[in-house]
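Trainee: From Swiss-Prot, for reference:
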type	residues	note
DOMAIN	56-236	domain 'tr-type G'
BINDING	65-72, 129-133, 183-186	GTP binding site
Amino acid sequence: MLLRYRIPEILRIRSPLKKWYSTVKPMSAAEEMRLKISQEQTRKAIQERIDKIPIENYRNFSIVAHVDHGKSTLSDRLLELTGVIQPGMKAQVLDKLEVERERGITVKAQTVSMFYNDGNQDYLLHLVDTPGHVDFRAEVSRSYASCGGALLLVDASQGVQAQTVANFYLAYSMGLKLIPIINKIDLDSANIPGAMEQVETTFELDSNDCIAVSAKTGLNVEQIIPSIIKNIPAPNCDETKPLRALLVDSWHDPYVGVVMLLHIVDGKLKKGMKIVSAHSNKAYDVKEVGIMYPDRTPMDHIKAGQVAYIIPGMKNPREALVGDTFYQLGKSEGLEPLPGFEEPKPMVFVGAFPADGREFNAMDDQMQNLVLNDRAVTLEQETSNALGLGWRLGFLGSLHASVFKERLEKEYGAQIILTAPTVPYKIFYKNGTEKVITNPDEFPDNTRHHDVEKYLEPYVEAIMTVPEEYMGNVMTLCLNNRGEQKDIEYLTTGQVLLKYEIPLSQLVEDFFGKLKGCTKGYASLDYEEAGYKKSDIVKLELCVNGEPQDALTTIIHKSQAQARGKEYVSKFKKYLKNQLFEVAIQAKVNNKVVARETIKARRKDVTQRLHAADISRYKKLLERQKEGKKQMKATGKVHIKNDAYQAFLRRDD
């Protein structure tokens, strides 16, 4: 496809992409030909420049940072410094998704190639931009595997935060060389010595190695790349060996299909080659190879040490599994797959239903398209008595679910109802069988309850950084959420690092929102899996006139059943209208009522036309009305609109 913008021939200074609006006249055939020739010359010049750079001059690095510490802004400054983009181009070049820009988070791993000349020789740098949130930890670890080091970014005004700590330990465990960067030194609230001291005490990195910068203004950013070249080792790769490539990430392009981001560990890869997956043993024809500069730029070939893209002609995006190894077809004998492959494992499950049931078919297509771009989401159809046809979705975490819902609404304009999140519970039966349940409907009913030997629920180790003055509030919050304290560490500048083991089910129920609330927004949170523990869990059903509302059924700890039941019945009562008969709203556990609310019958004055003295007729009409209401209560059915479920399930209520 011919690009309608000119790529400059000077490689060290890259002009911004020109925006073409409908008012611009179309190019003539001669202009298109000249542009095509110019692009081809530029592409060849880039390829020749890469081929001249020895692998000893490659540097692959990432940026480790807490959310909102300036990772995307620093990336922009580095791209400007190396001439990949010009100053003034759109901010957050590496954040491709709209939701990434709006939330200020990175969801998909991205990369960009940069050239740097220190006056003596050329260097090829690959910046691998990774998600920072624990929900996307699988993508983070695969991205780190393609790097030799990382920039450890710390906000000078906020200091070390939870996500920084968690990602530091992940990077450190993978042997990455870390360069500490103190960012936002231009702020009035910046405490540079305090941030440096935190880096030294928390991570045992020499504070003298810290580089103090302002990514916003560009102050001192020019010191970073020389430090990368000096401290981060070149990739340990060999171009002469048979091809081995690690899949770092992938996405679906509507025009070319699946695009895969690969770290070429050994060998060389070019258009027309056949490659094979180590995991599935499926073969693919490579349609295109290239580098991200910052967008896709086709090359003749890519080689060992590079982090680059290929278009493999893959039909099903779910075949692209992060961490998979690819070989050249017919030349894989005796080769070992690269370490680190693991299937995405959903840990949070929700029921999803269209707000308007008539839109199911259209929304099903939209849902399938979105899942194409996110292989970590599991999708299967399910039916609810209350909400009709829908889907059961599995996500890596609550943020992952929230991002998916937001993308569905923004990219397709869909209105969707999500049920309360459920985590995977393990059930061990007395006959030796084991079952993992992700839906409250799968929970054993009363007839099978005595067959169960034990229930297990997943736990996580939560890492929180909070101001010392709010430590008591946070400890109370953790205790109320069945948390168990594991460690407490006093950082400098009045910050405390808390480690708690907390049930995952408690964490996905807006724990982070409550944490922010009790610390006035100053706390940060990260977590990692801590295995399964025995637990006394039960199924809490919400019934309206004896009819269970499956969309509102949830699994909780027995100690919380009564309090949660009272909360549910009083909350749902607000969204039901009065009927001509009395309506009972009950919360049940093991068929026993633990909480109840009653909606009084709508009263009609059947005696308004009677004479005051007609007592017998008065009593007769009231008795008849009473009998009618009794019969209606026994046989009548309460019609509940989807709006009521949607309002009940909305978290901000």
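Note that Cβ sites are derived from N, Cα and C of the backbone, with glycine treated the same way.
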Trainee: Could you tell me the mean pLDDT the prediction assigns to the domain 'tr-type G' (56-236)?
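Mentor: Mean per-residue confidence for the domain 'tr-type G' (56-236): 83 out of 100.
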Trainee: Any idea what DSSP makes of Lys71 (GTP binding site), helix, strand or coil?
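Mentor: For Lys71 (GTP binding site) - judged by DSSP and reduced to three states - the answer is helix.
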Trainee: Quick one: what's DSSP say for Thr130 (GTP binding site), helix, strand or coil?
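Mentor: Its secondary structure by DSSP: coil.
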Trainee: Report the member of Ala65, Ile185 (the binding-site residues) whose C-beta atom has the most other C-beta atoms within 10 angstroms.
Mentor: Ala65
